[in-house]
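Enquirer: TrEMBL lists A:6-246 with the feature domain 'Endonuclease/exonuclease/phosphatase'. For A:N8, A:E36, A:D148, A:N150, A:D245, A:H246, the entry in TrEMBL reads Mg(2+) binding site. Taken from TrEMBL, the feature active site applies to A:Y108. What TrEMBL records for A:D148 is active site, proton donor/acceptor. Here TrEMBL flags A:N150 as site 'Transition state stabilizer'. Annotation source TrEMBL lists site 'Important for catalytic activity' at A:D220. The active site, proton acceptor annotation in TrEMBL covers A:H246. According to TrEMBL, the feature site 'Interaction with DNA substrate' maps to A:H246.
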There are 2 protein chains.
Amino acid sequence: MVKISSFNVNGIRAAQRKGFTDWVAQTDPDIICLQELRALEHQVPKKIKKLPYHEAYHTAEKKGYSGVGILSKEKPVRVEAGIGVDWIDEEGRVLMAEYSDLIVFSIYAPSGTTGDERQDLKMEFLDHFLPFAQKYLSGDKPVVFCGDFNICHTSIDIHNPKQNKNTSGFLPEEREWVTRLLETGYEDVYRRLHEGETDLYSWWSYRAASKDRNKGWRIDYHMGSPELLDAAEDAVIEMEWDLSDHAPVTITYSL
Amino acid sequence: MVKISSFNVNGIRAAQRKGFTDWVAQTDPDIICLQELRALEHQVPKKIKKLPYHEAYHTAEKKGYSGVGILSKEKPVRVEAGIGVDWIDEEGRVLMAEYSDLIVFSIYAPSGTTGDERQDLKMEFLDHFLPFAQKYLSGDKPVVFCGDFNICHTSIDIHNPKQNKNTSGFLPEEREWVTRLLETGYEDVYRRLHEGETDLYSWWSYRAASKDRNKGWRIDYHMGSPELLDAAEDAVIEMEWDLSDHAPVTITYSL
DNA sequence: CCTTCTAAG
DNA sequence: CTTACAAGG
């Protein structure tokens with residue numbers, strides 16, 4: 001059994017102030033894919049560095065910005081940072097850890113909410129991502145891309161689809177991109193274990209008490225190779241924790 | 001009876017979050033001299049604007065920086081901002097309110113702790129201040145300069161005089177400046193009511209739990225004309241409130 | 001609304 | 001250590 005959590009912490013230091021390590025102790029994942037660390041490696045809180053986990057980080061060059069990490073009980077046999085595109089790799093958005101029988105990625109897609117320029121770069125990231133992800137499907141280990149893709153796929157993944165049809169994160173071209181990722185062979189594991197279920201979100205705006213009213217978006221995914229869908233036994237969004245504006249998405253795989 | 005408080009709030013918005021208006025309600029001063037508002041007038045919290053006090057402000061041009069104010073139950077007959085020196089007046093450091101039988105100033109002297117350039121400007125401020133203050137002694141109303149002068153006068157005004165003899169705020173030239181202000185005829189009213197008493201401070205560094213250990217500096221004063229010393233009945237530093245790194249210095253005058 | 005950064009104290 | 005700002009989300 002391998003329990004994997006994907007968690008956009010919105011600042012690992014802020015999350016730790018709110019009890020990140022309490023969450024780790026209670027959920028006890030085998031692998032934790034972190035996004036939006038907003039810290040350099042030396043700024044990661046000591047309590048996290050002292051956890052009984054191996055650590056790998058890919059931080060942004062810009063201080064306090066972006067950054068991904070993977071914590072795991074098992075030591076990875078190989079770690080790789082980046083996707084091979086300079087501007088993306090300078091932003092710390094892609095990190096891979098390979099284990100004896102599994103490959104895990106932590107992914108943080110750019111947000112496009114701050115304007116056209118960033119939206120264009122988000123689409124550029126997505127365009128690079130598709131062939132990058134595809135090549136791992138022909139490998140001999142199951143692979144899962146965990147992370148914040150900053151896209152809701154379908155109408156049931158967002159609380160107000162009509163109002164947001166022109167909002168970055170729910171644009172037709174973004175939603176189609178998720179469809180294409182699924183068509184290449186990846187599975188949205190959480191959704192496949194909760195087909196048709198509504199009101200399941202992984203992010204809530206800090207404004208307007210959105211989480212209290214469950215007015216959220218599902219933008220954090222486990223995009224797994226088919227073997228992993230077969231292995232998936234339990235998939236939960238841990239919205240009882242208030243460590244971030246995102247909730248951890250935790251899936252247990254019988255591997 | 002006129003109760004006057006001098007209070008460096010270290011950000012009026014932060015102070016209000018910690019209960020500034022509760023302090024006003026409990027202490028119930030007639031006049032409140034505020035320093036380090038760190039806000040423009042429209043940013044002053046609504047709860048403060050709604051107090052049964054007349055308000056006068058002299059804010060810095062730079063957002064979130066410096067700024068002084070005077071709140072009073074009685075409406076001033078005249079309010080004057082500044083000292084007539086451009087750079088000082090742009091920083092919002094001097095404000096006068098004249099009442100029927102009293103003139104009150106709120107003063108915030110520059111800090112010199114950030115380097116030589118600011119220390120030089122602090123001394124320049126002090127040099128302008130002396131003749132400015134002197135001319136109010138020949139007027140026909142008692143006058144008090146309340147505020148944060150950013151100087152400890154004597155060894156008993158600071159918890160560690162030896163270590164700080166080369167520190168801005170306790171430099172010989174600064175301490176001599178206070179002596180000169182007293183020689184021109186002003187009285188350090190709080191000290192005159194607590195002659196020789198030790199461990200009386202008005203500011204504690206936020207670092208190293210200084211306030212818990214009462215490792216402080218007395219840098220906030222009522223510098224009053226002689227009639228006010230005669231009228232002073234009770235002088236307290238209200239260190240039981242934790243609204244700022246400074247405590248209010250509150251003196252009751254029989255006027 | 002929240003988390004960073006930096007400047008200022 | 002704390003308050004502001006500004007950028008980013």
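Cβ coordinates are placed from backbone N, Cα and C, and glycine is handled just like the others.
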Enquirer: For the C-alpha pair, I'd like the distance in angstrom between A:N8 (Mg(2+) binding site) and A:D220 (site 'Important for catalytic activity'), rounded off.
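Expert: A Cα-Cα distance of 8 Å.
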Enquirer: Please list residues from the chain of A:N150 (Mg(2+) binding site) whose Cβ is under 8 angstroms from its Cβ, counting only those at least six apart in sequence.
Expert: A:A109, A:P110, A:S111, A:G112, A:K122, A:S168, A:G169, A:I219
Enquirer: In sequence order, which same-chain residues at least six apart have a C-beta under 8 angstroms from A:D220 (site 'Important for catalytic activity')?
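Expert: Sequence-distant Cβ neighbours: A:S6, A:F7, A:N8, A:G147, A:D148, A:F149, A:S202, A:W203, A:H246, A:A247, A:V249.
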Enquirer: Cα-Cα, whole number of Å: A:E36 (Mg(2+) binding site) versus A:Y108 (active site)?
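Expert: Distance between the two Cα atoms comes out at 7 Å.
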Enquirer: Return the average pLDDT for the domain 'Endonuclease/exonuclease/phosphatase' (A:6-246) as a whole number.
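Expert: Over the domain 'Endonuclease/exonuclease/phosphatase' (A:6-246), the predicted model scores a mean pLDDT of 97.
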Enquirer: Cβ within 8 Å of the Mg(2+) site's Cβ centroid: which residues qualify beyond A:N8, A:E36, A:D148, A:N150, A:D245, A:H246?
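Expert: Surrounding the site, in chain order, are A:V9, A:N10, A:Q35, A:Y108, A:S202, A:W203, A:I219, A:D220, A:S244.
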Enquirer: Secondary structure at A:E36 (Mg(2+) binding site) (DSSP, helix/strand/coil)?
Expert: coil
Enquirer: Can you grab the distance from the residue listed as 'active site' over to A:D245 (Mg(2+) binding site)? Cα atoms, rounded to a whole Å.
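Expert: So the alpha carbons of the residue listed as 'active site' and A:D245 (Mg(2+) binding site) sit roughly 15 Å from each other.
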Enquirer: If you draw a 10 Å sphere around the Cβ of A:H246 (Mg(2+) binding site), how many other Cβ atoms fall inside it, taking every protein chain shown into account?
Expert: 25
Enquirer: Fewest neighbouring Cβ atoms within 10 Å: which of the binding-site residues A:E36, A:D148, A:D245?
Expert: A:D245
Enquirer: What's the number of neighbouring CB atoms sitting within 10 A of the CB on A:Y108 (active site)?
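Expert: Excluding its own Cβ, the number within 10 Å is 27.
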